[in-house]
Amino acid sequence: MQAIKRMSSSSNIYKSPALTHELVAKCSTTRARASILTLPHGVVQLPMFMPVATQASLKGITPEQLEETGCRLCLNNTYHLGLKPGQEVLDAIGGAHKLQGWNHNILTDSGGFQMVSLLKLATITEKGVEFLSPHDGTPMLLTPEHSMSLQNSIGSDIMMQLDDVLVTTSPDKARMREAMERSVRWLDRCIAAHKKPESQNLFCIIQGGLDLDMRRECCREMLARDTPGIAIGGLSGGEAKADYCRVVAACTELLPDLKPRYVMGIGYPEDLVVSVALGADMFDCVWPTRTARFGNAVTKHGVLNIRNKKYATDFGPVEEGCNCMVCKPTADGGMGVTRAFVHHNASKETVAAHLLTIHNVYYQLNLMRQIREAIMEDRFPTFVRQFFAWLYADKTEYPEWAVGALKGVNVDLSE
């Protein structure tokens, strides 16, 4: 193992009232970075993946089990928590950390995306997002101010601005520009309404669809507002992966080194590896937990559907060599669960989804730990090549978008 190289200079540290971000290593080939993010509820090692605990719980596992995977920052959903348990309950108990018994960090989205994507009758005006209550059909309005009030009640360590979200594949350029410019105006309203900047961090969200000039313009406007962290939003909405990579690369090129960079809604392992190479630090996605509920295990050799009958007599662990509590042998303090056991329960018992959720979350977090270690030891390009070699049987199977994006940051997968 190579010696870990660490950058040592006070000029590598950014501080705000509720956040410290220290850049500790940069890949000498790509844009990948390793850093330490210190938030009100503890330290988070970047780059990192955030599991999504939509309604203050990760479906199928307890907060203690989530903690055992190494998770130190998870995502809660403002829209769902605002509906249930509601703001009064959150205020009464003292926030979402106490509600769910979680002593580590929480990031909340603004709630706007869920309203637009889940509610068919949502409309966006300059005031905010107008929608009908899913409970009784009453007209409701989510404004930037109300989003901030909800997130202040939740007490999240990182809160996201309310933005005007438009699917990236929309052909309406005028509407895309309106959404981008409105997101900037709404950020100003969020900043003015944010009541707890000393204990909660407000991140801006860069919009602009697939138009790189619009994205760059939005970057400049958002950076002028000087939020403690920056998100790249509006992606993973059906656009081609090559277009996704172009947008991320164009944005990270303009973003300051010393602030954390969050690409929203990203979770497939290949996407994580490539996005880190393009200079991103933080990611979230429901996919690892959702796919577990369909009997799928995420492994370094790809996704295995344990419901397949070939696993009925497979007495090996879910993933050979995995150190999660599910896969680890009982002699080493783990559960020693076999594929056969998961297969047996996958169709009729919730225990299979529970076990695969633990494994999948651990896999994602461990992948990020391996990425971080490779960056720290300045061998990230080698790790990337090994990652794709594990995932695909032959180089001819490598996805073109990944090959192209990595070539753009000096990693040739054909080597």
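The first residue you see is number 1, and the count goes up from there.
Using the three backbone atoms N, Cα and C, a Cβ is placed for every residue, glycine included.
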**OP:** Could you look at His146, His194, His359 and say which one TrEMBL places alongside Cys322, Cys324, Cys327 in the Zn(2+) site?
**Re:** His359
Original post:
In TrEMBL, the substrate site includes Asp109, Ser110, Gly111, Gly112, Phe113, Asp163, Gln207. Which of Gly137, Gly234, Gly237 does it also list there?
Top reply: Gly234
Subject >> Matching range for TrEMBL feature annotation, region 'RNA binding', among 9-13, 29-33, 64-68, 289-293 >> reply: 289-293
Original post:
Pick from 125-131, 223-229, 265-271, 307-313: which range has region 'RNA binding' per TrEMBL?
Top reply: 265-271
Original post:
Do you know offhand how many angstrom separate Gly112 (substrate binding site) and Cys327 (Zn(2+) binding site) by C-alpha?
Top reply: 38
Original post:
At its widest, how many Å does the recorded substrate site span between Cα atoms of Asp109, Ser110, Gly111, Gly112, Phe113, Asp163, Gln207, Gly234?
Top reply: 16
Original post:
What is the average pLDDT across the region 'RNA binding' (289-293)?
Top reply: 95
Subject >> Pairwise Cα distance for Cys324 (Zn(2+) binding site)/Gly234 (substrate binding site) [Å, integer] >> reply: 33
Subject >> Length of the line joining the Cα atoms of Asp163 (substrate binding site) and Asp109 (active site, proton acceptor), in Å >> reply: 10
Original post:
When DSSP states are folded down to helix, strand and coil, where does Asp284 (active site, nucleophile) land?
Top reply: strand
